[in-house]
């Protein structure tokens with residue numbers, strides 16, 4: 001009796017095998033970058049930015065410290081019993097942490113969750129105690145809990161401390177002035193891509209407050225799926241500190257048809273935008289945010305800002321590097337950026353011909369922002385290989 005050939009596997013099985021193969025290759029590339037001497041941080045940034053991010057928490061435990069230049073052999077000591085005594089922030093932190101039940105995995109035993117909440121309180125208070133210039137804000141715990149769940153208490157404290165004195169520094173000022181300045185980047189980005197949407201939102205007078213919780217929690221407070229949260233953290237940790245506002249812009253741009261179908265009033269538009277859909281195409285949006293950063297870097301958006309503000313902010317002096325994925329060569333990115341600039345110039349000429357342009361960018365305030373991590377964060381192209389090590393030696397002796 002002749003043997004029958006087994007039927008070919010269904011097409012989706014082939015797709016699954018291809019996906020698994022890509023993940024294995026990427027995992028191998030990440031471990032190769034980690035084992036290099038010195039560690040290939042530029043490659044790790046590319047892996048964190050590119051599709052799928054850092055894949056799993058086991059890898060994040062090793063790569064996140066490299067992205068933030070944290071020495072895992074020199075972690076803060078465990079907190080003492082005196083940490084909570086007479087601490088001005090303790091009561092507010094306690095209230096916020098008690099309200100953070102949904103940030104923990106569903107089904108986690110109460111005893112385990114309560115233990116993690118105690119660690120969360122200690123981690124926050126320890127960062128604040130060691131850095132008295134920082135001021136706690138509601139939403140900070142949403143960021144800290146993400147690190148706690150991925151890397152554990154002691155490493156989370158070290159990573160969050162570095163993040164708080166760099167990427168998050170402006171949110172931790174005594175006032176919200178710098179946070180408002182960062183939010184002011186949102187509408188100019190939208191205007192560059194979709195002037196119709198921008199003008200509709202301006203007529204509705206919706207402002208940018210709907211995006212406040214997105215920005216100050218790195219979307220941790222508004223996304224219910226932890227996988228999406230850590231994927232965004234991979235991306236943000238590898239990028240310029242302003243990347244979260246670019247990601248906020250691409251969410252709004254992605255929802256342009258819904259927004260334009262709304263009643264043109266503040267209440268309707270604010271209600272729509274403040275509710276983020278949970279099924280967003282995250283990888284597509286991440287890629288789009290990177291493209292917009294390359295096409296409209298912060299230095300260009302801030303060019304017409306008030307001169308005295310521009311002179312005293314670190315962001316205005318930041319050199320914008322091309323954002324490349326792991327699959328792109330630097331020359332490809334440069335050619336792409338050149339073509340995009342040509343298209344942007346043509347679009348700008350058309351807009352100038354069709355409607356008067358007020359000097360709206362004068363209203364765009366530039367936030368005070370330390371460049372230490374931001375500069376290294378975009379060092380994913382060839383020039384960064386020469387620049388980043390020297391920079392890190394200057395900032396972190």
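Glycine is treated like the rest: Cβ placed from N, Cα and C.
Here's what TrEMBL has on this protein:
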| type | residues | note |
| --- | --- | --- |
| REGION | 1-26 | region 'Disordered' |
| COMPBIAS | 1-12 | compositional bias 'Pro residues' |
| COMPBIAS | 13-26 | compositional bias 'Basic and acidic residues' |
| DOMAIN | 54-240 | domain 'Rab-GAP TBC' |
| TRANSMEM | 206-223 | transmembrane segment |
| TRANSMEM | 361-381 | transmembrane segment |
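Within the chain carrying the transmembrane segment (206-223), a Cβ under 8 angstroms from the stretch's Cβ atoms is held by residues 103, 137, 139-140, 142-143, 145-146, 171, 179, 182-184, 186-187, 229, 232-233, 236, 244-245, 247-248, 251-252, 266, 269-270, 273-274, 276, 278, all 6 or more beyond its ends. On the 0 to 100 pLDDT scale, the domain 'Rab-GAP TBC' (54-240) averages 94 in the predicted structure.
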